[in-house]
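To keep things clear, I will list the structure first and then write my remarks on it.
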Amino acid sequence: MQDPREEVIQAWYMDDSDEDQRLPHHKDPKEFVSLDQLSELGVLSWRLDADNYETDEELKKIREDRGYSYMDFCEVCPEKLPNYEEKIKNFFEEHLHTDEEIRYCVAGSGYFDVRDRNEKWIRIWVKKGGMIVLPAGCYHRFTLDTDNYIKAMRLFVGDPVWTPFNRPHDHLPARKGYVQNFLQKEAGDSPIDAAA
């Protein structure tokens with residue numbers, strides 16, 4: 001039985017093409033990554049009711065359980081985002097944050113790219129109803145897909161801090177914690193292998 005989250009969140013290994021960043025960039029043949037594999041990298045995901053986010057009890061419970069007290073919305077498209085070209089370029093620079101990045105797609109879609117333990121890019125396609133959490137210290141980047149539109153709810157614990165630290169920033173405690181918790185596996189653990 002298919003995980004219902006996979007209807008709104010899909011992931012795959014990316015090719016090495018320099019074509020438009022908004023394209024899917026599947027390898028040939030395609031190599032999909034399961035949501036369980038993403039969770040091994042610290043990436044959490046949910047499928048929620050984007051048409052009723054104001055009254056969604058599941059969203060309310062997630063916010064309470066994880067302490068997400070701050071909430072706002074960000075629309076990313078040429079018509080709505082000031083300095084669109086500059087911002088979309090900055091979003092696609094590989095970076096990390098010292099806090100979680102929580103994004104709930106309430107309309108449209110976009111790509112969040114993360115690296116596996118072998119530094120291979122994994123593209124995560126988040127569509128309406130998908131919510132993901134990228135852990136603090138996880139290098140990532142974002143771009144729109146070819147539809148050129150996403151409206152995302154941004155959640156945060158306490159006052160939001162959106163400061164990106166472009167790679168390399170391996171000396172930051174958040175990065176060291178991420179590496180220790182998700183990238184350095186104990187003997188016997190099975191890391192995500194790009195060749196698998």
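Glycine is treated like the rest: Cβ placed from N, Cα and C.
Note that TrEMBL annotation is computational and uncurated.
The Fe(2+) binding site annotation in TrEMBL covers His95, His97, Glu101, His140. Around the Cβ of His95 (Fe(2+) binding site), 19 further Cβ atoms fall within 10 Å across all displayed protein chains.
If you look up TrEMBL, you'll see His95, His97, Glu101, His140 marked as Ni(2+) binding site.
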Cβ within 8 Å of the Fe(2+) site centroid (His95, His97, Glu101, His140 excluded): which residues?
Leu96, Leu134, Cys138, Tyr139, Arg141, Pro164
CB neighbours of His140 (Fe(2+) binding site) within 10 A?
22
